[in-house]
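What Swiss-Prot records for this protein:
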ACT_SITE  Lys41  active site, N6-AMP-lysine intermediate
BINDING   Phe111, Arg181, Lys187  ATP binding site
Amino acid sequence: MKFYRTLLLFFASSFAFANSDLMLLHTYNNQPIEGWVMSEKLDGVRGYWNGKQLLTRQGQRLSPPAYFIKDFPPFAIDGELFSERNHFEEISTITKSFKGDGWEKLKLYVFDVPDAEGNLFERLAKLKAHLLEHPTTYIEIIEQIPVKDKTHLYQFLAQVENLQGEGVVVRNPNAPYERKRSSQILKLKTARGEECTVIAHHKGKGQFENVMGALTCKNHRGEFKIGSGFNLNERENPPPIGSVITYKYRGITNSGKPRFATYWREKK
């Protein structure tokens, strides 16, 4: 009985904040962006500090070591746990661990202070003031760059993608923090991304003769194969049948299938 009580308490604490109601992004589709700001979209793990605990986007409590959060503020901040580009798997592994290993590689890159008053810059100023009194290497405020025009936006996107970044976030700095999917904060990527369910593996040929060559997956677009984007380890240990993966693509074929679909990562 004691074991089950302990287990119940563990799950209760892990999911106590299961509905964090964070601000989520819509997609940029040529909307007017005069007076807006932009920043790099970091490919990490969402981190929401509620003033006492660090939570995921789903509201699950993370287990950072004490040194990591020692100088975090007594108010909410929203950001992305991130180390460097193309390290999503490592970031994800670190944040899922209960041992606390590897957190020294991460920072919480903050893009908003949800409960502060004023526009975006005034909200972020509250965090800046706190950091002057309580400096920490584990919080960094993401630079917000004023957008001159759409040409400037796409030039910045090209710069980010040339550095292997995920994309760009463009937002209205005069809008409040909205705890929903908001039309005031938009994501922009050259390659679109979607999810699908793996339904089959196919043996490779040539250099991939002894590993997976491609897989078939299925979503609202139907069934289609994905054979590129995998590294050798992913071909040797492919996403299991029934798992959900994310793929990138560039447009739609006449038959409604994704064009140039490439594997990105397994959703976990």
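Any Cβ shown, glycine's included, is placed from N, Cα and C.
Shown here: features listed in Swiss-Prot, placed on the structure.
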residue	record	contacts (Cβ under 8 Å, 6+ apart)
Lys41	active site, N6-AMP-lysine intermediate	Val160, Gly165, Glu166, Gly167, Val168, Val169, Lys187, Leu188, Lys189
Phe111	ATP binding site	Ser39, Asp78, Gly79, Glu80, Ile141, Ile142, Gln144, Val169
Arg181	ATP binding site	Leu24, Leu25, His26
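Every protein chain considered, the tally of other Cβ atoms within 10 Å of the Cβ of Lys187 (ATP binding site) stands at 17. Taking every pair among Phe111, Arg181, Lys187, the residues recorded as binding ATP, the greatest CA to CA distance is 15 Å. Within 8 Å of the centroid defined by the CB atoms of Phe111, Arg181, Lys187, the record's ATP site, lie the Cβ atoms of Met23, Leu24, Leu25, His26, Val169, Arg171, Ser182, Ile185, Leu186, excluding the listed residues themselves.
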